Amino acid sequence: MAGGVIVANDGDGSAVDHGGRLTFSVVITCLVAASGGLIFGYDVGISGGVSTMEPFLRRFFPGVVRRMAEARPGNEYCVYDSQALTAFTSSLYVAGLVASLVASRVTRAMGRQAVMVMGGALFFAGGAVTGFAVNIAMLIVGRMLLGFGVGFTNQAAPLFLAEMAPTRWRGSLTAGFQFFLAVGVVIATVTNYFASRVPWGWRLSLGLAGAPAVVIFLGALFLTDTPSSLVMRGDTARARAALLRVRGAGADVEAELKGIVRAVEVARQGEDGAFRRMAARREYRPYLVFAVAMPMFFQLTGVIVISFFSPLVFRTVGFGSNAALMGNVILGAVNLVCLMLSTLVIDRYGRKVLFMVGGAIMIIAQVGVAWIMGAQVGKNGSEAMARPYAVAVVAFTCLHTAGFGWSWGPLGWVIPGEIFPVDIRSAGQAMNVSIGLGLTFVQTQSFLAMLCRFRYGTFAYYAAWVAVMTVFIAVFLPETKGVPLESMATVWARHWYWKRFAREQPKTSADEPTGTY
């Protein structure tokens with residue numbers, strides 16, 4: 001591809017793994033970076049539960065409380081349909097979208113580590129404002145500060161993980177971001193469950209967002225930036241020191257550093273206009289397609305709206321407030337367990353196997369929820385659901401969450417973090433994050449209205465999308481397991497379809513210097 005990098009290979013075009021153990025230093029470094037997902041996960045999990053707390057609703061959304069009191073049979077799907085209530089959740093993602101675009105340039109100019117520090121500070125400020133909110137304006141401002149933190153952290157952390165991790169461990173370590181996101185969701189749901197028992201519990205739930213913010217802020221202060229970022233900013237000596245520390249004995253640090261330096265030299269030749277190159281140049285077509293497709297499909301799995309609104313869905317099918325919150329805790333725990341299992345096998349069996357299995361599970365689950373709600377709640381929401389069927393809805397929702405945790409949960413962060421060449425890596429990640437946040441805003445703002453208008457068909461809608469994305473991944477995604485970042489163009493150039501766009505890397509001996517083409 002134009003602006004690509006020729007890295008050392010073994011003579012048949014395949015990339016060389018420069019080695020590197022799973023050292024204590026790389027584990028600690030990646031744990032701190034991945035903890036950015038903890039804050040995002042906490043914010044994902046907290047808003048849906050808080051939205052079911054009656055003291056919170058009475059203070060900020062009294063119209064919803066009146067609608068709940070006046071609800072008659074036939075209105076179960078529409079009780080929570082409030083644009084103001086969904087704006088409380090979705091405002092975070094408008095701010096995150098804007099911040100992610102700015103963060104692309106900031107990440108390139110100041111480094112990944114500095115952006116994570118900024119993200120932690122913004123998260124802390126947002127948690128403080130929402131925790132002490134006295135009106136809707138303060139709630140929205142606080143959520144927007146949290147959104148700016150999301151935009152910065154989601155831009156920097158996956159890149160940090162992908163660039164720091166040894167090739168053979170890159171999938172598992174990059175998936176750590178989603179693992180911590182799932183941990184954050186579980187912490188949020190447990191917090192909501194216990195906080196709902198006191199009138200001021202909603203303040204506790206919202207304000208505690210500041211706690212994980214302190215973790216990433218202080219942790220990031222002590223991190224060294226990634227070798228790629230240091231080389232891009234002209235500090236090759238620190239880049240070498242960083243590689244020596246995180247790779248350990250036995251790694252060919254000098255060869256890896258040479259590859260990074262050459263990649264950065266190519267990146268500087270086309271430093272400006274990365275977005276324009278992605279859009280205009282034929283050889284960048286695979287990266288452009290996946291920069292759009294990955295975040296779009298990630299959102300259309302339906303897991304985001306389930307994470308936000310599952311307490312409201314559970315109340316819709318007949319559970320009380322506490323039972324609905326406990327159901328959300330169970331969902332978070334299921335997601336976390338499946339993420340742990342996925343992380344253990346992602347670098348053994350590859351990415352595509354996990355996508356296929358997870359996709360099949362999610363389709364079955366969404367169809368099951370649609371069928372039960374259509375048969376038991378009725379087309380107009382006029383029927384009361386028997387408890388066994390309500391439990392089945394929870395079970396199918398857990399199954400969907402399990403499928404997501406096995407596949408798109410970790411891989412939705414792993415794939416975008418590893419497929420882009422260095423000259424468009426920041427731009428590609430910015431596009432991935434901004435599209436994802438933009439679609440999250442659209443979905444969170446529209447889901448309750450969709451549930452009210454399309455009723456059980458909402459879940460069939462998501463099942464259809466999961467079927468589409470599973471076929472797309474099977475056909476168009478090359479397997480990236482075990483491929484060094486600097487050699488990623490090789491797998492695209494050999495793919496049955498993308499080879500007409502991407503270019504094969506010329507063969508060189510392992511000790512030959514690399515160049516550009």
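Any Cβ shown, glycine's included, is placed from N, Cα and C.
Annotation comment: Swiss-Prot describes 1-25 (among others) as topological domain 'Cytoplasmic', evidence class a curator's inference.
Per Swiss-Prot, transmembrane segment is recorded for 26-46 (among others), and the stated evidence type is sequence analysis. Using a Cβ-Cβ cut-off under 8 Å and counting only residues 6 or more beyond its ends in the same chain, the transmembrane segment (26-46) has close neighbours at 20, 92, 112, 116, 119-120, 123, 146, 149-150, 153-154, 156-157, 160-161, 164-166, 173, 176-189, 191-192, 205-206, 208-209, 212-213, 215-216, 219-220, 222-224, 246-248, 304, 307-308, 328, 332, 413.
Per Swiss-Prot, the feature topological domain 'Extracellular' maps to 47-83 (among others); the stated evidence is a curator's inference.
Annotated transmembrane segment per Swiss-Prot: 84-104 (among others), in sequence order, evidence recorded as sequence analysis.
Long-range contacts of the topological domain 'Cytoplasmic' (105-120) within its own chain (CB-CB distance under 8 A, at least 6 residues past either end) are made by residues 33, 36, 39, 149-153, 155-157, 159-160, 163, 213-218, 220-221, 223-226, 229-230, 232-233, 426. Positions annotated as topological domain 'Cytoplasmic' by Swiss-Prot: 105-120 (among others).
The transmembrane segment annotation in Swiss-Prot covers 121-141 (among others). Among residues of the same chain six or more beyond the transmembrane segment (121-141), those with a C-beta under 8 A of the stretch's C-beta atoms are 39, 60, 84, 87-88, 91, 147-149, 152-153, 203-204, 206-214, 216-217.
What Swiss-Prot lists as transmembrane segment is 144-164 (among others), and the listing cites sequence analysis.
Residues annotated as topological domain 'Cytoplasmic' in Swiss-Prot, with a curator's inference given as evidence: 165-170 (among others).
Positions annotated as transmembrane segment by Swiss-Prot, on the basis of sequence analysis: 171-191 (among others).
Summarised by DSSP class, the composition of the topological domain 'Extracellular' (192-203) is 7 helix, 0 strand, 5 coil. Summarising the annotation, Swiss-Prot assigns topological domain 'Extracellular' to 192-203 (among others).
The list of residues near the transmembrane segment (204-224) in space but at least 6 beyond its ends in sequence, with Cβ under 8 angstroms from a Cβ of it, reads 29, 32-33, 35-36, 38-39, 42-43, 46, 49-50, 53, 113, 116-117, 119-121, 123-124, 126-128, 130-133, 142, 146, 149, 153, 184, 187-188, 191-192, 195, 198, 230, 238, 241-242, 245. According to Swiss-Prot, the feature transmembrane segment maps to 204-224 (among others), an assignment based on sequence analysis.
Confidence annotation: the topological domain 'Cytoplasmic' (225-288) carries a mean pLDDT of 81 in the model. Annotated topological domain 'Cytoplasmic' per Swiss-Prot: 225-288 (among others), in sequence order, evidence recorded as a curator's inference.
Residues or ranges marked as transmembrane segment in Swiss-Prot: 289-309 (among others).
Taken from Swiss-Prot, the feature topological domain 'Extracellular' covers 310-325 (among others), and the record attributes it to a curator's inference.
Remote same-chain partners of the transmembrane segment (326-346), defined as residues 6 or more beyond its termini with a Cβ less than 8 Å from a stretch Cβ, comprise 45, 48-49, 171-172, 175-176, 178-179, 182-183, 185-186, 188-190, 192-193, 306-307, 310-311, 314, 319, 354, 394, 397-398, 401-407, 409-411, 414, 481. The transmembrane segment annotation in Swiss-Prot covers 326-346 (among others) and rests on sequence analysis.
For the topological domain 'Cytoplasmic' (347-352), the list of distant contacts is 168-172, 411, 414-415, 473-474, 477, 479-482: same-chain residues at least six beyond its ends, Cβ to Cβ under 8 Å. According to Swiss-Prot, the feature topological domain 'Cytoplasmic' maps to 347-352 (among others), an assignment based on a curator's inference.
Under the criterion of 3 or more C-beta pairs below 8 Å, with sequence separation of 6 or more, the transmembrane segment (144-164) and the transmembrane segment (353-373) do not qualify as touching, having fewer than 3 such pairs. Taking residue pairs at least 6 apart in sequence, the transmembrane segment (171-191) and the transmembrane segment (353-373) share fewer than three C-beta contacts under 8 angstroms. In this chain, the transmembrane segment (390-410) lies close to the transmembrane segment (171-191): three or more C-beta pairs between them fall below 8 angstroms, excluding pairs fewer than 6 positions apart. Note on the transmembrane segment (171-191): residues 26, 30-31, 33-46, 49, 157-158, 161-162, 164-165, 204-205, 208, 212, 307, 325, 328-329, 331-333, 335-336, 339-340, 342-344, 346-347, 351, 405, 409-414, 417-418, 481 of its chain, located 6 or more positions outside it, place their CB under 8 angstroms from a CB of the stretch. For the topological domain 'Extracellular' (452-456), residue counts in helix, strand and coil come to 3 helix, 0 strand, 2 coil, using DSSP.
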